[in-house]
Amino acid sequence: MSWHPQYRSSKFRHVFGKAASKENCYDSVPITRSVHDNHFCAVNPHFIAVVTECAGGGAFLVIPLHQTGKLDPHYPRVCGHRGNVLDVKWNPFNDFEIASCSEDATIKIWDIPKQLLAKNLTAFKKELVGHARRVGLVEWHPTAASILFSSGYDYKVMVWNLDTKEAVIMSPVKTINCHQDVILSMSFNTNGSLLATACKDRKIRVVDPRAGAVLQEASYKGHRASKVLFLGNLKKLLSTGTSRWNNRQMALWDQDDLSVPLAEEDLDGSSGVLFPFYDSDTNMLYVVGKGDGNIRYYEVSTDKPHLNYLTEYRSYNPQKGIGVMPKRGLDVSSCEIFRFYKLITTKSLIEPISMIVPRRSESYQEDIYPPTAGAQPSLTAQEWLSGMNKGPVLMSLRPGSELLSLQPLPPERPLSKPRAHTSPRLFNQTEKLAAEDGRRPLSLLEERAPRWASEHRLEEKKTWFTNGFDIFECPPPKTENELLQMFYRQQDEIRRLRELVTQREVQAKQLELEIKNLRMDSERL
């Protein structure tokens, strides 16, 4: 028998989490103390919205993404609900429109001004009135414009069409009445033709959102699901919850057969809810535990074992909620593939955490950034309601894209461009003059000197960076895994510097030979 080691080749094996520095966090934020198991945070490339504590009614803050540091205690709020706000979600096709739901049994749609708020925003764009009890969740349709889903404590899921002129909408276009208890989670598949729900009656359901019919229902008693998630185009569902022995557990399901899970994995004995997040571009699954500071991440595959554990980001600060930046808002220059915004109530702090693929090259990495869902809807509300299905409109994350001009370019880059444009013209002129005189062109010395000088300036700039990060701003490693990753990066940097020194020595010898040849030619003349 031959022995085969269990080794998987993956470009995401060394992904690590990097917390933002103190000045790049959002401090003194009055985060809500609600006990509901929601995210309480929503992020897009322009704003971060977080549910906050307030007296008399419910409110949430909308902070511009660049406005880091300490928050003014009198910062304006979005307040129009008569009860506590339970959930907020940004419109995926409009970065200045947000939906909120509350204990007052209403959903409100808000237009956020592009300039900073000068006073509290109380005027809503639309109000949706239909639930008999408080509304716990809202979710935008992933491909159709102006379609919003809401679930309430009246055990109903309502479908709203916002493409109307009415300011107050009293009746939804569809009400789904198949649940027997409170809905804990909702998730859409890629084109929005299926809706998966996790209910307090311990059942997972796959529903046709237009017809309201239950297509699949899981009654497996060994797993009590609290959150459910579609795994992109893999035709699989992932649920998090508790096992029969009250251990936190994940379960993987075939969306066409929910009788028995494909795989189950017990994590630990903590009591906090597990929030799953799936990145369909990289097939990576992130599991965030409420009440602890850890973020586990896995790689999902169609072959067994379906869940391949990569590693874990650890922190001593427990998270109350979590927000996720859409892929079009990531910093591709530092190979960032995911970004969390962690709500730390003990410090009144919002801490960004970037998940990064360590790469030596600073160029755009095409293999880790496939085309992703953009900010354009593929269907109108009426088209989707009439029965049409379309996948999301894809966009490239290459920095030349219009939607990704978020990070300012470093000041050194435009200064090096004129040299690159003017030097070939000068070299061509010297070659022409030398050819007219009938002598050997002296272009080699004149060409190498400015090129070497510009390369030396670029290398001086690069030596202060490791994989795109300033080595003086990197926090010290907190775990053994982070220490090993730092060691490997330093070894790669030492190897790169040695290769650079060897190249310089070879170039110096070549230059000496050229000088000797030029002297010999001048003596002959």
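Here the Cβ of each residue, glycine as well, is placed from N, Cα and C on the backbone.
What you are looking at is a predicted structure, and each value in this text was computed from that prediction instead of being measured.
What TrEMBL records for 5-69 is domain 'DUF1899'.
Marked as repeat 'WD' by TrEMBL: 78-112 (among others). Averaged across the repeat 'WD' (78-112), pLDDT for the predicted model comes to 94.
Per TrEMBL, repeat 'WD' is recorded for 128-170 (among others). Assigned with DSSP, the residues of the repeat 'WD' (128-170) fall into helix, strand and coil as follows: 0 helix, 22 strand, 21 coil.
Taking H, G and I as helix, E and B as strand and the rest as coil, DSSP gives the repeat 'WD' (176-217) the counts 0 helix, 20 strand, 22 coil. Summarising the annotation, TrEMBL assigns repeat 'WD' to 176-217 (among others).
The coiled coil annotation in TrEMBL covers 494-521.
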Residues outside the repeat 'WD' (176-217) whose C-beta sits under 8 Å from one of its C-beta atoms, at least 6 past its ends, are 37, 136-137, 139, 141-144, 147, 149, 151-153, 155-159, 224-230, 232-233, 237, 239, 241, 253, 255-258, 280, 384-385, 387, 389-392
Secondary structure of the domain 'DUF1899' (5-69) by DSSP, residue by residue, totals 3 helix, 24 strand, 38 coil
